[in-house]
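Annotated in TrEMBL:
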| type | residues | note |
| --- | --- | --- |
| DOMAIN | 45-300 | domain 'OBG-type G' |
| BINDING | Asn54, Val55, Gly56, Lys57, Ser58, Thr59 | ATP binding site |
| DOMAIN | 322-405 | domain 'TGS' |
Amino acid sequence: MFLICPTTIGFGVIRFSPRLGRPYWQDRQPNECVANFHLYCFWYMEAGIVGLPNVGKSTLFNALTCSRAAQSENYPFCTIEPNEGIVSVPDDRLTRITQYIVPQKTIPAMLKLVDIAGIVKGASEGQGLGNKFLSHIRQVDAIVQVVRCFEDPDVTHVSGTVDPLSDIETIETELMLADIQTLDNSLAKAQRSARSGDKEAKLRVAAIEKCNEHLAKDMPLRTLRLPEAEQEAISSYGLMTAKPVLYVANVGEDDLEGKDPLVAKVREYAESAGASVVCVCAKLEAEIAELDESDRSEMLADLGLTEPALNQIAREAYRTLGLQSYFTAGEKEVRAWPVPIGATGPQAAGVIHSDFERGFIRVEIYSLDDLEQYKSEKEIRQAGKLRVEGKAYVMQDGDICHFLFNV
């Protein structure tokens, strides 16, 4: 096991030695705060990859995670248990920072991807993998829905014809029906508790009734705005149509730019739903992901691409989760930290460690533009460009930060 302890200038890594019977510093920096040891439990926001069987979910997952963990075959339900992988979020700002602050290591922001078994019509009533599939979706924070936008007689389609809008409608309908079941099952209990005077139960009843009215209009819950207290009251339900969604149009090798009319339909639908679309040829991306760096660059150049489409998927999934990045930068490491959009300074500090949030004093901030203009943090300070912000400060995407705290 290992522990990571906050220090005044970065982090020190502590390992436990069975032989010594005590912790020891493996990588100690000078002037650390060593009075307390803290066990860090790193967490990642999760995005679930969903879609009908045989649309390319597992192929996409394998390419994104540079693995072959997920089975990818030409038959339905080749994925049964969900596969999980951690994906780095490409961010060229990290490279730009390290041109001026040269660290021992550079760490990008991360997100967790879950490859979930294909859904079929009737899943909410137990068809296909039914409830097992739906329970996996309830656990993720956002949905990445893969839709097939290519014709290939050698790849079967569960409905016999390629129609991405019908595929989207099938999944949305099943998720809505499952949400209705969840709400109906919870309503009676909430009403009983509300009659006994339970204030939180009254909030649950109000929220459930509003959700049911919204779903009855064939509208997903992500388009419903509830008061914060009501939203919190039903947050444990894992309502699936309340989760943000990113659409991935899986195109053929002859349509990498997504000009096919099938893709246009997906874009139009996504725009009306306030969602984003990324075009990708999952089969081709899987081949690219298996190449070494030089061969990958050569293949991308031959295809007229500047980067794999997978990079765009990772970035868009990150945004769909409502995340942005701030940075910490020093000789030890330059790192991107994920934080919800709208987070305050103390909340951002808490992403590093709860003590940082609890004992937050202030945060010193400068921008990447400042770094590129003045070349070093020392020069930024001397130019008076280093900002000092307090507890009410709302973090901005790209802030480069030093947190000051006392516990």
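Positions of Cβ are set from backbone N, Cα and C atoms, glycine also.
TrEMBL does not curate its annotations; it predicts them automatically.
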Chain-internal residues, separated by at least six, CB under 8 A from Val55 (ATP binding site): Gly118, Val146, Val147, Arg148, Asp167, Asn250
The domain 'TGS' (322-405), counted residue by residue under DSSP: helix, strand, coil: 26 helix, 33 strand, 25 coil
Lowest local Cβ density (other Cβ within 10 Å) among binding-site residues: Ser58, Thr59: Thr59
Overall pLDDT for the domain 'OBG-type G' (45-300), taken as the rounded mean: 89
Number of Cβ atoms other than its own within 10 Å, given for Asn54 (ATP binding site): 20
Lowest local Cβ density among Gly56, Lys57, which the record lists as binding-site residues, within 10 Å: Gly56
